[in-house]
Amino acid sequence: MKLPKEGDFITIQSYKHDGEIHRTWRDTMVLKTTENAIIGVNNHTLVTENDGRRWVTREPAIVYFHKKYWFNIIAMIRENGVSYYCNLASPYVLDNEALKYIDYDLDVKVFADGEKRLLDVDEYERHRKAMKYSDDIDFILKENVKILVDWINNQRGPFSPAYVNIWYKRYLELRSR
């Protein structure tokens, strides 16, 4: 598939390990595409849950997906600062339909004040048994939690204040065209 260009809109689909669709985001605007990463923005984006429920994102969020790391990052721009929601997930694949990845339940939330929390550990353990995650996947995910925490602690990539400012500014420029 041809890579999306700056200003294009794509669909994002999250799946579970068993192949069931988990969640879909419609019309994520692409801000940058490289060989290994896609940066986009969601702002009042329609989200559809696997049970059919729908909702719209409340605030602008810069999204970061990578082909080598087992996580994706959502930087939510709020009045009280930027907070992050990080999904432990497979590297993304892109086809003619959507950007797709497998959500592996574990999440890291970073609050605007810098507090970090590992979320959904019980759900991860339950799904790991029920969906038979391999020992290799379990190891990879736990190693990627360490990488993610290192990025957070060192303000690397999406966790750099300059990163969010640059990409949000670019979004505003593209939106006003």
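A Cβ is built for glycine as well, from the same backbone N, Cα and C atoms used for every other residue.
What Swiss-Prot lists as active site, proton donor is ARG23, and the listing cites sequence analysis. The DSSP secondary structure for ARG23 (active site, proton donor) is strand.
Marked as Mg(2+) 1 binding site by Swiss-Prot on the basis of sequence analysis: ASN87, ASP103, ASP107. Under the three-state DSSP scheme, ASP107 (Mg(2+) 1 binding site) falls in the strand class. For ASP107 (Mg(2+) 1 binding site), the same-chain residues that are 6 or more apart in sequence and have a Cβ closer than 8 Å to its Cβ are TYR85, CYS86, ASN87, LEU88, LEU118, LEU119, ASP120.
Within 10 Å of the Cβ of ASP105 (Mg(2+) 2 binding site) there are 23 other Cβ atoms, across all protein chains. Positions annotated as Mg(2+) 2 binding site by Swiss-Prot: ASP105, ASP107, ASP120, GLU123.
Fewest Cβ neighbours within 10 Å among the binding-site residues ASP103, ASP120, GLU123: this applies to GLU123. Taking the Cα atom of each, ARG23 (active site, proton donor) and ASP103 (Mg(2+) 1 binding site) are about 9 angstrom apart. Counting only the Cα atoms, the space from ASP103 (Mg(2+) 1 binding site) to GLU123 (Mg(2+) 2 binding site) is about 12 angstrom.
Same-chain neighbours of the Mg(2+) 1 site beyond ASN87, ASP103, ASP107, judged by a C-beta within 8 angstroms of the site's C-beta center, are, in sequence order, SER14, PHE71, ASN72, TYR85, CYS86, LEU88, ALA89, TYR104, ASP105, LEU106, ASP120.
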